Amino acid sequence: MAWRQLRKRALDAVIILGGGGLLFTSYLTATGDDHFYAEYLMPGLQRLLDPESAHRLAVRVTSLGLLPRATFQDSDMLEVKVLGHKFRNPVGIAAGFDKNGEAVDGLYKLGFGFVEVGSVTPQPQEGNPRPRVFRLPEDQAVINRYGFNSHGLSVVEHRLRARQQKQAQLTADGLPLGINLGKNKTSEDAAADYAEGVRTLGPLADYLVVNVSSPNTAGLRSLQGKTELRHLLSKVLQERDALKGTRKPAVLVKIAPDLTAQDKEDIASVARELGIDGLIVTNTTVSRPVGLQGALRSETGGLSGKPLRDLSTQTIREMYALTQGRIPIIGVGGVSSGQDALEKIQAGASLVQLYTALIFLGPPVVVRVKRELEALLKERGFTTVTDAIGADHRR
């Protein structure tokens, strides 16, 4: 315990003592120096800090507001209306970065069109033993086996409730908040865990995510089976509908990329049958694509980043077809450019998310994706993002 406290104090000292350097790099963020971040700053930080310490530092810096507001102005063509809300732009931060709702406002400042917090479990839990995050810089990829490390519902609720009025205004301005729910490792009743999450955090969310696709909690992915999924989602929807007030969040399901054709058909069938509001496609993959170069490529866990990109996009394409384009999809997996985002949108995604790209390219990647996406939309004759959703299926 003493060693953990010492490490925490040391990391806090880095944050405080490094303030001058952080302010300098903040200036570079404001001026959009993508090259500096990708070629010098991010590799330098990775040499200094192990992946989990770097993650903690990033969350802390963002939560303190040390990074300036992005100056890029979202044009009307980037606006999307979906899930009962307006999204100023379609690029969000995926769950996993801000697991405990500590850095929401700082993330909006970077230019994200929406923020997803979590995964949050009912009770606090440590997650899996360290080390549990591994960089594959040669592949622009990460393997993680965090295992739903979480401060728990009570702490996250308190944190988000303190900014509830601020979030209400942000949502009205086109910057919604999503909350990703998980189950505790030792829980024997998954449905009860997710239901508790809905009751506790539902009133604070614009959308909720039922995460049944993390590969790092034993037995979790089995909840994607047709019978199990129907039971779980029926309970979740019942709890959502029972929430007091008129502000009831949309309910989405986050699925894995490692599914059989039958699995995908079953998920689509259950989603249509129960009236699920949306799908998040996809989580990390347990597969290891041929050609990975990173020395740590054989580590156990979920793989994210560039090697996941095409598998994720293909799964989006299939789920859009299986749901006849009637269930909105948030596409995630390997997005680091406007081209990546547009490919997912044309495959059927209404919105996209990124996370791993931040690790290797830094905060400027958010504006880069939006700027490139806008240029590509114009180049290909689309007047809005909405016009491009599912365009591949209309050819």
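Glycine is no exception: its Cβ is also placed from the backbone N, Cα and C atoms.
For Ser214, the entry in Swiss-Prot reads active site, nucleophile. What Swiss-Prot records for Ala95, Gly96, Phe97, Asp98, Lys99, Ser119, Asn180, Asn211, Lys254, Thr282, Gly305, Gly334, Tyr355, Thr356 is FMN binding site. According to Swiss-Prot, the substrate binding site annotation covers Lys99, Asn144, Arg145, Tyr146, Gly147, Phe148, Asn211, Val212, Ser213, Ser214, Pro215, Asn216, Asn283, Thr284. Annotated topological domain 'Mitochondrial intermembrane' per Swiss-Prot: 1-10, in sequence order. Feature annotation from Swiss-Prot assigns topological domain 'Mitochondrial matrix' to 31-395. Residues or ranges marked as transmembrane segment in Swiss-Prot: 11-30.
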State the Cα to Cα distance, in Å, between Asn283 (substrate binding site) and Phe97 (FMN binding site), rounded to an integer.
13
Looking at the binding-site residues Arg145, Gly147, Asn211, whose Cα is closest in space to that of Gly305 (FMN binding site)?
Arg145
Just counting, how many other CB atoms are there within 10 A of the CB of Phe97 (FMN binding site)?
22
Just name the winner among Gly147, Gly305 (the binding-site residues) by count of other CB atoms within 10 A of its CB.
Gly305
Here are some binding-site residues: Lys99, Arg145, Lys254. Which one has the most Cβ atoms within 10 Å of its Cβ?
Lys254
Which of the binding-site residues Arg145, Gly147, Asn211 has its Cα closest in space to the Cα of Lys254 (FMN binding site)?
Asn211
Gly147 (substrate binding site) and Phe97 (FMN binding site), distance between Cα atoms, whole Å:
14
For the FMN binding site, please report the maximum Cα-Cα distance among Ala95, Gly96, Phe97, Asp98, Lys99, Ser119, Asn180, Asn211, Lys254, Thr282, Gly305, Gly334, Tyr355, Thr356 in Å.
20
Out of Asn180, Asn211, Asn283, which of these binding-site residues shows the lowest number of other CB atoms within 10 Å of its CB?
Asn180
Under 8 Å Cβ to Cβ from Ala95 (FMN binding site), same chain, six or more residues apart: give me those in sequence order, or none if nothing qualifies.
Glu116, Val117, Gly118, Ser119, Gly178, Asn180, Val209, Asn211, Lys254
